[in-house]
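As written in TrEMBL, here are the features:
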{"type": "DOMAIN", "residues": "23-288", "note": "domain 'NADH:quinone oxidoreductase/Mrp antiporter transmembrane'"}
{"type": "TRANSMEM", "residues": "57-80", "note": "transmembrane segment"}
{"type": "TRANSMEM", "residues": "113-134", "note": "transmembrane segment"}
{"type": "TRANSMEM", "residues": "154-171", "note": "transmembrane segment"}
{"type": "TRANSMEM", "residues": "178-196", "note": "transmembrane segment"}
{"type": "TRANSMEM", "residues": "202-219", "note": "transmembrane segment"}
{"type": "TRANSMEM", "residues": "240-261", "note": "transmembrane segment"}
{"type": "TRANSMEM", "residues": "281-304", "note": "transmembrane segment"}
{"type": "DOMAIN", "residues": "290-343", "note": "domain 'NADH dehydrogenase subunit 2 C-terminal'"}
{"type": "TRANSMEM", "residues": "324-345", "note": "transmembrane segment"}
Amino acid sequence: MNPQAKLVCTTSLILGSTITLSSNHWVMAWAGLEINTLAILPLIAKSHHPRSIEAATKYFLVQAAASALILFSSMINAWHTGQWDITQLTCPTSCLVLTAAIAMKLGLAPFHFWFPEVLQGSSLITGLLLSTAMKFPPITLFFMTSQSLNPTPLITMAILSAALGGWMGLNQTQTRKILAFSSISHLGWMTIILVYSPKLALLNFYLYVLLTAAVFLTLNSTKTLSLSALMTTWTKTPALSAMLMLTLLSLAGLPPLTGFLPKWLIIQELTKQSMAPAATIMALLSLLSLFFYLRLAYCATITLPPHSTNHMKQWHTNKSVNPLVAILISASLTLLPISPMILTIV
């Protein structure tokens, strides 16, 4: 891709996100989301492969529909209240439409079908952007309107997301699709706590971004797109493969790793809110996700590959690991002991 075009796309992504994050007016927030959508499309379609073009088309259609619903929701609210302020969302109909629109933007179940397909058609770095940076503006809108939203559809979508994200990821062999279903499952955890503790939902999002970035960048540095390729990475980069295994276990939420912190706090908060059944269901559904994380970790470090693999052999190189990957992996594994300090900051 042309460096100038890449610069324009990256700048537009930052600009669109900044506009949405800093706006109080619905039309400005909508404009920021539109800039974001248009900026990421060339990055998805840059390889000119039919799958990439298909992914870009699907992404455009879904995001355009979601943006139209956001505008529709804000117009209904303005019609009823005379307010265009994001925090003054009081009309129940517009709250429901907004919930559906942002769920579509994020890829929450039952609006999740586009996300694995789009991620599979993108490169790993574009997939990282779609899984993290592109979810930040919609999550922020959820955060700003959390006091007005109806908890019933949010809890329903959260449990559905955790169930489908875990269940549909079980039989996948492509790493990008597995990470897409992992993202859907994590979004369920963020959504269920959003109304009761928005700050905890944001903390969960930050830690999810940290862990997902570590996994995506590790897979990108080893050029791993499928489980069969993952089985041979230990011969090239044994240390990185071992760290990838631990990062995946952290993403699964196993103690004493960083990923355990948000799950622990969310279950604690749900129990305080007299929602023990919902907390129990979420904890049980996380076992589904745990299975495919363990499968990935097993492929990364414990399996010996067959002698006749059906992918291109790669040279063993003593290439040094990107410092950013090292920092992200370290944070993904060691933040749990300083959780009291993190909670005071948040």
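Heads up, the Cβ atoms here are built off N, Cα and C, so glycines get one too.
Ranking 113-134, 154-171, 178-196, 240-261, 281-304 by CB pairs under 8 A with the transmembrane segment (324-345) puts 240-261 at the top.
Summarising model confidence by region, the domain 'NADH dehydrogenase subunit 2 C-terminal' (290-343) averages a pLDDT of 76.
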